[in-house]
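K.L.:
Provided herewith is a single structure, encoded as structure tokens, for subsequent inquiry.
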Amino acid sequence: MKVKVLCRNPDDYVRETTRDIQRVPRNYDPTLHPFEVPREYTRALNATKLERVFAKPFVASLDGHRDVISCITKHAKSLSTVISGACDGEVKVWNLPKRECTRTVQAHEGFVRGICSRFCGTSFFTVGDDKTIKQWNMEAPGYGVREEPINTILGKAVFTGIDHHQREGTFVTCGQTVDIWDEQRSSPVLSFSWGVDSFSSVRYNPVEPDLLASCASDRSIVLYDTRESAPLRKVIMQLRSNTLCWNPMEAYYFTCANEDYNLYTYDIRNLDVPVTVHMDHVSAVLDVDYSPTGREFVSASFDKTIRIFPKDKGHSREVYHTKRMQHVICVKWSADSKFIMSGSDEMNIRLWKANASEKLGVLSTREKTAANYNKKLIQKFQHHPQVRRIARHRHLPRDVLKQKRELKEMKEARRRKEQNVRKHSKPGSVPLLTEKEKHVVKVVE
């Protein structure tokens, strides 16, 4: 007699320990799940709501400065170290995990205009209103030993910015001219000038370190190649740019922070038109810094807010503000791309999360899986009206909201005026300019 017996492998359904979750057999045939999309939509909506509920971006405030913070820089090798300079000439070294100041140096008389770390992380450079460049050891001196700079260079004019080469012992400063310096020499190796009174900012390209760019007082952005004896080209804009930052992943893109409340991303291969115009601030943009991934950047503005922009989008995905925070002077993105540091008028350095709702600390495997699943669901249903409305909603200070409405009315009035002028003029006499073309005056080779 033949008997048919069901035979199952216990490994397919039995838990290894009592703490494991129960194994549930699933059939992924879509015909068996007709309500799969409505269920996913509900989950996406709930995930979006929870994301806004848990959006607590503020992490810590580092206080200790006695004057306005003028500049911040990151340590080249250490994630936990940040160096800041103030308007009273004081430089402080901070330990971020402990949230405390580990060292204080009276570096300059007057403003500290710029700080940069050496590429190996053994020392850092500062420039100030006292016309000096000073190199300081990254390690604090022993107990009772007086704090002295490793090297001091006396310049002929005030320096307004400094940046270090990514691989070699050279650095660049800006003031009345853009100067390339060797660490072993007390005079510049190379100087660039192009009929400009002064420069406000200069940055090396992190990918192509022979390229650098500067912002000038005549509303221009000038590009240089250290292998050449003269500047390459410059683009003149409607208003002055305060500072700029290169994309760390794509060598030919840089973003500049402008006085006209916007940021502009340029491709150095075609400077006639910016690649993207980033609009959301309601006052002058003072600083900008890219994420190490090169996909986003953060901007600091005179309107007392910080905004995070995707590199290819015209509007910000996030805005940070507090009641106590005043005009934001400088901003930096941490090297692990998880945190943002900002320095403002009321003498505080604030630490923010790059993703406002991200949970800090070690996550379990199930937490990671759930977070990734929710992220994909939100991405899948991001254009649905309810999901989009909740994801975009932000609370703004009353002043910022009022200025935003005023700017919107002004832009609409300007657009109507241009339409009326074009309507009552000879066809073709009034050119139709796009938003990107309006802000560039000319490119000089």
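If you go along the chain as it appears here, the first residue is 1 and each next one adds 1.
Placement of Cβ uses the backbone N, Cα and C atoms for every residue, glycine included.
The compositional bias 'Basic residues' annotation in Swiss-Prot covers 413-426. Residues or ranges marked as region 'Required for nucleolar location' by Swiss-Prot on the basis of similarity to another entry: 353-441. As annotated by Swiss-Prot, region 'Disordered' applies to 411-434. As annotated by Swiss-Prot, repeat 'WD 1' applies to 64-104. Per Swiss-Prot, the feature repeat 'WD 2' maps to 107-146. Here Swiss-Prot flags 154-191 as repeat 'WD 3'.
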K.L.:
Which sequence positions outside the repeat 'WD 3' (154-191), separated from its termini by at least 6 residues, show Cβ-Cβ distances below 8 Å to it?
P.N.:
113-119, 125-129, 131-133, 135, 197-204, 206, 209, 212, 214, 222, 224, 226, 229
K.L.:
Give me the mean pLDDT over the repeat 'WD 2' (107-146), rounded to a whole number.
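P.N.:
92, rounded to a whole number.
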K.L.:
Who are the long-range neighbours of the repeat 'WD 1' (64-104) in its own chain, taking Cβ under 8 Å and residues 6 or more past its ends?
P.N.:
110-121, 124, 126, 128, 130, 136, 138, 140, 329-332, 334-336, 339, 341, 343-345, 347-349, 351
K.L.:
Could you tell me how many residues in the region 'Required for nucleolar location' (353-441) are helical, how many are strand and how many are coil under DSSP?
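P.N.:
The region 'Required for nucleolar location' (353-441) comes out at 53 helix, 3 strand, 33 coil.
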